[in-house]
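Per TrEMBL, the features are:
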type: COMPBIAS; residues: 1-14; note: compositional bias 'Basic and acidic residues'
type: DOMAIN; residues: 104-317; note: domain 'ABC transmembrane type-1'
type: REGION; residues: 1-33; note: region 'Disordered'
type: TRANSMEM; residues: 43-64; note: transmembrane segment
type: TRANSMEM; residues: 105-129; note: transmembrane segment
type: TRANSMEM; residues: 141-161; note: transmembrane segment
type: TRANSMEM; residues: 192-216; note: transmembrane segment
type: TRANSMEM; residues: 237-258; note: transmembrane segment
type: TRANSMEM; residues: 298-320; note: transmembrane segment
Amino acid sequence: MTAVHPAEKNHWDTQDVGSTASGGGAVETHPVRRRRRRRLTGATFIPWLFLFPAALIFLVFKFIPMAEGIRLSLFEVRPFLGDIFVGFKNYATILQDEKFLTASWHTLVLAGGQTLGAMLIGFFLALLLEGHAKSLWFVRSAVFLPVVAATAVIGEIWRLFFYPAPEGFLNEVISWVGLGPWEYIHNTDTSLVSVMFVGIWKHAPYDMVLILAGLAGIDRQQYEAAAIDGASTLQRIWNVTLPALRPVITILLTLAAIRGLRVFTEVYVLTGGGPAGSTDVWMTRVYTTAFEQSEAGLASAGSVLLFLVTLVLTVSVQWYRRRKEAR
């Protein structure tokens, strides 16, 4: 007797049941799986049509230049003569260049100072302007003006404020209390701090708005419970406000760090990297290498290195945040 495989037996049983039911005029009982074919209609393509212009702009003005920059970083660029492939030589040259190393140190100092200063002042302003939305709307709008103003315009205004002569605006102000005159951006000892101050002044209102949004989500009952327990104002800020603002602070740190590493406009307008390279940051060094020294390969390698540092920083902060949330 020939053995029948169980799968074949089930197949023939199902077929017999189906034929018997159809022969007797009854409703077909065997299971039939019907695949639903997804119809491609006009509604399917409408979202992609809306995305197409933005995607095309990103492709032409962002992704293609990024790919070209990565390619150029591997070549010695010689216009009209043909590029020479040099591999990672440009990267090695940058990492050993004293000017780039000095610029990287200035970038870290400037990014750290602007990040901490803007967050502290933004937090203080948020605490002052929290609540009373109707009565303080004008103050909030006025404080936020530096964020929406063009960075080049802000840099030019502050360059006039920093005029080193005794008749300069800031020197006139500090002379009322018997100080000055100072040279500000025209002195190698104070130029980097002056540029840092302008960055803090511009970015603190942006941090204030994000912190205000975080403060609006804190339950007021937590403050009331802490006050009943006898907590002081500083204790309530430390034990209630700051823990609740942790996600906002993480986002601010990420954005501010990226913003600080890519700083260029205010430095270029205020000092151009001077005096004597005292405010030369990574982006101004890349600009000088590309457009004044005509070393497009080296400049592209510098841009790629900055992109990699920014990418690693962003991924690290996000990984740390998710790890803290998972606990």
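Quick reminder: no glycine exception, Cβ is built from N, Cα and C everywhere.
Computed from a predicted structure; not experimentally measured.
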**Q.** Residues from the same chain, set at least six apart from the ends of the transmembrane segment (298-320), whose C-beta lies under 8 A from its own
**A.** 66, 69-70, 72-73, 77, 90-91, 93-94, 100, 250, 253-254, 257-258, 261-262, 282-283, 285-287, 289-290
Q: Between the transmembrane segment (141-161) and the stretches 43-64, 105-129, 192-216, work out which stretch tops the count of Cβ pairs under 8 Å.
A: 192-216
(Q) Can you tell me which parts of the same chain pack against the transmembrane segment (192-216), counting only residues 6+ beyond its ends and a CB-CB cutoff under 8 A? (A) 106, 109-110, 113-114, 117-119, 121-123, 125-127, 129-130, 143-147, 149, 151, 154-155, 158, 162, 184-185, 241, 244-245, 247-248, 251-252, 256, 259-260, 263, 266-267, 270-271, 278-279
Q. Cβ under 8 Å to the transmembrane segment (105-129), counting only same-chain residues 6 or more beyond its ends: which ones?
A. 136, 139-140, 143, 192-193, 195-197, 199-200, 203-208, 210-212, 215, 237, 249, 252-253, 256-257, 259-261, 263, 267, 278-283
Q.
I need to check the long-range neighbours of the transmembrane segment (237-258): which residues 6 or more away from its ends have a CB within less than 8 Å of a CB in the stretch?
A. 111, 114-115, 118-119, 122, 127, 203, 207, 210-211, 213-215, 217-218, 222-223, 226, 231, 310, 313-314, 317-318, 321, 324
